[in-house]
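Notes for the one structure printed next.
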Amino acid sequence: MKQLSEKILYQVITPRPAQSHKGTFGRVLIIGGTAEFGGAVIMNAMAAVYAGAGLVTVATDTANFTALHSHLPEAMVVDFNQDLTTLIQNNDVILIGSGLGDRLDILQATFRAVFPKQILIVDGSALTLLAENHINLPHARLVLTPHQMEWQRITGISIAQQAFEAFNVLGRDRLKQMPIVVLKQHHTQIYTSKDIYELPIGGPYQATGGMGDTLAGIIAGFAAQFFLASLSDVVLAAVYSHSAIADELAKTQYIVLPTQISQQLPKFMKHYAVTKP
Ligand SMILES: NC(=O)C1=CN([C@@H]2O[C@H](COP(=O)(O)OP(=O)(O)OC[C@H]3O[C@@H](n4cnc5c(N)ncnc54)[C@H](O)[C@@H]3O)[C@@H](O)[C@H]2O)[C@@H](O)CC1
Ligand SMILES: Nc1ncnc2c1ncn2[C@@H]1O[C@H](COP(=O)(O)OP(=O)(O)O)[C@@H](O)[C@H]1O
Ligand SMILES: [Mg+2]
């Protein structure tokens, strides 16, 4: 297993070209957030916007519109009960699942609509729905972001067995589409088609609801704009950034809130875009 290091940030986070506009930095569509879990998509969207996605749209329950806009006027909203097919096909990166609750219908419609060239990040309730309903993953550039309990539900590999990388590799291979898997835990592991990486940073100050929703949003924001890097490198850089910011805040804080991580992203990224080692 390879240890992830700060080096990945210098590789992935690059200065922005002057000849550019919001379209240059990608369109992200976030799908999730039942009325009970609106906070999940707010945190997805804050992370994606603060990470630099050019345009972010959130398809969610209408009950969440006002709260989302009061936190983040930069994001657009759409009712997730309408037909999302065209919207899905007009975005570069789709993030589905945070706070999606029991909306299997929306998950299935999204999987039907997505194109193979699109990046599809599957998080939270979408992973549990996948497992419970034995749904096949679609052809897409896939990133799954399960925590250990979600991974157990998907693969049947118990949390104790997950200590053995070989089991996780087998579990990933059985999913057929060879997704990148971000297996979240203390010292998260990332399974790519080539290698397995371990995140050596991060800590218990991150154990707050919404921390994973924030990571999924950072992955989406990075994937939308850093299209010159490989998707694996983009995911590695997002995972590293999320915990590096948390570590920095934890120097003076007992806990770190997910939204604080998002707010730090522009400053954090500026450092890596200009200072090459
Ligand atoms: N403000 C909001 O709207 C929030 C919405 N959320 C959404 O709520 C839905 C349910 O997700 P949850 O993860 O809370 O519930 P789950 O029931 O899917 O999993 C949580 C349980 O898994 C267990 N577990 C074991 N190992 C773990 C590990 N390494 N990391 C995390 N949990 C581990 C924990 O004991 C915990 O009780 C998701 O769609 C999620 O996106 C959560 O993100 C919390 C905040
Ligand atoms: N003790 C810990 N040490 C390091 N990272 C942690 C710790 N607890 C939680 N995290 C991180 O916080 C995130 C939690 O994700 P998740 O459980 O999906 O949260 P949520 O669904 O509530 O947003 C993961 O990135 C995980 O690695
Ligand atoms: Mg989660």
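Cβ from N, Cα, C; glycine included.
Record features (TrEMBL):
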DOMAIN    5-272  domain 'YjeF C-terminal'
BINDING   ALA40, GLY99, HIS147, ASP213  (6S)-NADPHX binding site
BINDING   LYS184, GLN185, HIS186, HIS187, THR188, GLY212  AMP binding site
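All features noted in TrEMBL, drawn onto the structure.
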{"residue": "ALA40", "record": "(6S)-NADPHX binding site", "Cβ within 10 Å": "31"}
{"residue": "GLY99", "record": "(6S)-NADPHX binding site", "Cβ within 10 Å": "27"}
{"residue": "HIS147", "record": "(6S)-NADPHX binding site", "Cβ within 10 Å": "18"}
{"residue": "LYS184", "record": "AMP binding site", "Cβ within 10 Å": "26"}
{"residue": "GLN185", "record": "AMP binding site", "Cβ within 10 Å": "15"}
{"residue": "HIS186", "record": "AMP binding site", "Cβ within 10 Å": "11"}
{"residue": "HIS187", "record": "AMP binding site", "Cβ within 10 Å": "14"}
{"residue": "THR188", "record": "AMP binding site", "Cβ within 10 Å": "24"}
{"residue": "GLY212", "record": "AMP binding site", "Cβ within 10 Å": "25"}
{"residue": "ASP213", "record": "(6S)-NADPHX binding site", "Cβ within 10 Å": "29"}
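On a Cα basis, GLY99 ((6S)-NADPHX binding site) lies 17 Å away from LYS184 (AMP binding site). In sequence order, GLY32, PHE37, MET43, ASN44, GLY97, SER98, ASP123, GLY124, SER125, GLY209, GLY210, GLY212, ALA216 are the residues of the same chain, not among ALA40, GLY99, HIS147, ASP213, whose CB sits within 8 A of the CB centroid for the (6S)-NADPHX site. Between the alpha carbons (Cα) of HIS187 (AMP binding site) and HIS147 ((6S)-NADPHX binding site) lies a span of roughly 11 Å. Each residue contributes its Cα atom, and for ALA40 ((6S)-NADPHX binding site) and HIS186 (AMP binding site) those atoms are 21 Å apart. Checking the binding-site residues ALA40, GLY99, HIS147, LYS184, ASP213 against ligand 2, the ones with a C-beta less than 6 Å from an atom of that molecule are HIS147, LYS184, ASP213.
Across the residues of the domain 'YjeF C-terminal' (5-272), the predicted structure has a mean pLDDT of 98. For the AMP site listed in the record, the two most distant Cα atoms among LYS184, GLN185, HIS186, HIS187, THR188, GLY212 lie 14 Å apart. For the recorded AMP site, residues LYS184, GLN185, HIS186, HIS187, THR188, GLY212 set the reference point as the centre of their Cβ atoms, and the other residues of that chain within 8 Å of it by Cβ are HIS147, GLN148, LEU183, GLN189, LEU199, GLY202.
Among the binding-site residues listed (GLY99, HIS147, ASP213), HIS147 has its Cα nearest to the Cα of HIS186 (AMP binding site). Here (6S)-NADPHX is bound by ALA40, GLY99, HIS147, ASP213 per the record. The longest Cα to Cα distance in that group is 15 Å.
When the Cα atoms are compared, GLY212 (AMP binding site) and HIS147 ((6S)-NADPHX binding site) turn out to be 8 Å apart.
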